[in-house]
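Colleague: The structure is given below, and queries will be raised subsequently.
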Amino acid sequence: MPSRVEDYEVLHSIGTGSYGRCQKIRRKSDGKILVWKELDYGSMTEVEKQMLVSEVNLLRELKHPNIVSYYDRIIDRTNTTLYIVMEYCEGGDLASVISKGTKDRQYLEEEFVLRVMTQLTLALKECHRRSDGGHTVLHRDLKPANVFLDSKHNVKLGDFGLARILNHDTSFAKTFVGTPYYMSPEQMSCLSYNEKSDIWSLGCLLYELCALMPPFTAFNQKELAGKIREGRFRRIPYRYSDGLNDLITRMLNLKDYHRPSVEEILESPLIADLVAEEQRRNLERRGRRSGEPSKLPDSSPVLSELKLKERQLQDREQALRAREDILEQKERELCIRERLAEDKLARAESLMKNYSLLKEHRLLCLAGGPELDLPSSAMKKKVHFHGESKENTARSENSESYLAKSKCRDLKKRLHAAQLRAQALADIEKNYQLKSRQILGMR
């Protein structure tokens, strides 16, 4: 039996969608809180009616945890009003989240931005998939106001009023629709719209989540179109990682064939862990719905990915243990080197002490004046004649004078040599002091 308007209780109005009013309602049968979109199709043109039918059919076909769930539709032919009953997202939309961040002057956490990116990309993957008859769904109006959050801040993509189904034999849609701030360069140039146009809009949305403003702004649509075709925009705030900035920059590439696909985005290392977690949760939900335990088959690509992650973690643990062993070995080597340095320092101090004693001893010996070797000429045998004579007296005086002069010269030479040795010892002492400081520096 089809549902009636009387089966629901209107609680209050939430806002206005693309072509109608949204109201929060309660289903009387079980008290479940839902929302319906109230649309007056009597005032619509044939094109608008066609778009309305398209949205209803899409909502019935698209079933994904990150897409707003469709529950029912009610046709009031008397008042030419269509009610589309959908899931209620009590977390509001991303537009209100951005407005709050702008008002509070507080940026959103990168973890939240990455989670939004992951869940939105998974929703777009469901839309862009070429299965179930080869249909591809383009959202064509991806913006913060059309992305909703549930009570746990999970993303829900909604408002498919502008979406259009593409078949295999029709690769592009050419209708000029969408929100100007998020329109792609090909839309601004009146070119064909494809899956990569949704990727551009996703990049604009993620950019606005980070910067709290769109990447391209202008006072009129002509100026905005020029800026979008030029493709220049500022980097997202530096509080966000380079990886996130690079991925958003790739999404906002002027050439659509250079933009990443949904599969390439999901394969990014930046969100690989989040993707695996979302896929695991989705499988658990399916298991609960079917009443079977949520076991993954061995052939499941998700299980293979989880096993790969586990192996990678084990490899990282082994690498960390190996690094710990290396660090312990280095610590032992440092202890040995420290002991060797202490031994070298003790030997150096002992050598310095011995050299100091030797220096003092040698200086004392030089000051005492050891016996001097006389020259060979002074050692000639003297001729003695008995009795005193003038010759003998003169020779004796000359010998004494010669000996005194020779001794003086020899003493000067020895004093000079002692000074040279003292200087050499001082240099040696300085050298050992320097070596001692170097040894201490090794510690």
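Each position is counted from 1, following the chain as shown.
Glycine residues also receive a Cβ, built from the backbone N, Cα and C atoms like all the rest.
Quick paste from Swiss-Prot:
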type	residues	note
ACT_SITE	D141	active site, proton acceptor
COILED	303-361	coiled coil
COILED	403-427	coiled coil
MOD_RES	T170	phosphothreonine
MOD_RES	S171	phosphoserine
MOD_RES	T175	phosphothreonine
MOD_RES	T179	phosphothreonine
MOD_RES	S184	phosphoserine
MOD_RES	S241	phosphoserine
MOD_RES	S300	phosphoserine
MOD_RES	S356	phosphoserine
MOD_RES	S389	phosphoserine
MOD_RES	S396	phosphoserine
MOD_RES	S401	phosphoserine
MOD_RES	S436	phosphoserine
REGION	301-443	region 'Interaction with CEP85'
REGION	306-334	region 'Leucine-zipper'
REGION	329-443	region 'Necessary for interaction with MAD1L1'
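Walk me through where these features lie, including what they touch and how far apart they are.
Modeller: A sphere of 10 angstroms centred on the C-beta of D141 (active site, proton acceptor) encloses 20 other C-beta atoms.
Looking only at the coiled coil (403-427), the predicted model's pLDDT averages out at 80.
The number of other CB atoms found within 10 A of the CB of S184 (phosphoserine), across every protein chain shown, is 25.
Secondary structure from DSSP puts S241 (phosphoserine) in coil. The number of other CB atoms found within 10 A of the CB of S241 (phosphoserine), across every protein chain shown, is 13.
Around the Cβ of S356 (phosphoserine), the same chain contributes E429, each under 8 angstroms and 6 or more positions distant in sequence. According to its DSSP assignment, S356 (phosphoserine) is helical.
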Colleague: Compute the C-alpha separation of S241 (phosphoserine) from S184 (phosphoserine), stating it in Å without decimals.
Modeller: 25
Colleague: Let's see if you can do this one: DSSP helix, strand and coil counts over the region 'Leucine-zipper' (306-334), in that order.
Modeller: 29 helix, 0 strand, 0 coil
Colleague: How many Å lie between the Cα of S184 (phosphoserine) and the Cα of D141 (active site, proton acceptor)?
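Modeller: D141 (active site, proton acceptor) has its Cα 11 Å from the Cα of S184 (phosphoserine).
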